[in-house]
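**Q** Before we start, here is the structure in question, set down as structure tokens.
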């Protein structure tokens, strides 16, 4: 669908009587969650007079088995046939394989790609985005640098020179795609007006979004829970039962909170009770892709690598938990914290073959007595 076909634009915006500036939104990423995000946003830009109707979605171009380009198929069918089959994205979503072209007119940028690609994407966009643009990261993960861990929102802010909020929550994408009720949390820093604009852009009757002034807390919840989900998958693969899984989730939540507050003392306790915290942890440990692949890893006795299982089971989607466990392990080792975080440490050591999957319950929590 070409932008010129969006005949609804003028009708909606002129009939509203709104004369102020209109924001343009681009979604950078088009996987499972990126496609669902575009669908949510596209529903609201049609209704909200302060937004242009069209939503651009940058697609990392792929050739489908049919020989067709993924971008062409999305624009012809209004459906991401590879990463979100069977779901219409909205007639105002336009897929674009050219990253710079996709973002050039946007003043609201939504980033939703695997976290390991973000530094490269940001470097490609340096000097190419509108002055005063706002960013929102839906990305779960961190970059580990010599000077310490760098959250993805900070990476975006530092490289692009723009403010970046985050959105995290108990959000299994396929359930939101079919409009099952769920919640999410926007984390912001100081500017509540911008946060409320993001809340407005994502909120629907089936997707409830709230905002909290705690970017690091919200983002770390979304990042660290994937490590705990890997542990939960090991428990499932070894058929250890619900009591064991509940214990692993509790210990994991405790380590999530402790790690977050050691890195960023400003992180708020209440953030862990938002959708981005305990709710996201529960849903990811019950139904997410990290749990699913970790279960298969444990059933195979750790004899098949996560890379092999990911390629076989996820149809091009990427795991986040294994790479995040590695990144967190590096931080723990560098700061001398390994013994303080036995669950996080053990997940990485199992994932890399240093320990068997059964080791997930073979450590002591005695040294994890934190004051918070």
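Quick reminder: no glycine exception, Cβ is built from N, Cα and C everywhere.
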**Q** Out of 128, 140, 145, which one does Swiss-Prot list together with 289, 290 for substrate?
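**A** Looking at 128, 140, 145, the one Swiss-Prot places in the substrate site next to 289, 290 is 140.
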**Q** Per Swiss-Prot, which one of 173, 177, 359 shares the NAD(+) site with 29, 30, 31, 32, 33, 34, 60, 117, 140, 289, 318, 320?
**A** 173
**Q** Other Cβ atoms within 10 Å is the metric here; tell me which of the recorded positions 140, 225, 289 scores highest.
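**A** Sorting the candidates by Cβ neighbours within 10 Å, the top entry is 225.
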**Q** Could you tell me which of these binding-site residues, 29, 31, has the greatest number of Cβ atoms within 10 Å of its own Cβ?
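**A** Going through 29, 31 one by one, the largest Cβ count within 10 Å is at 29.
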**Q** If you count CB neighbours within 10 Å, which one among the binding-site residues 33, 60 has the smallest count?
**A** 60
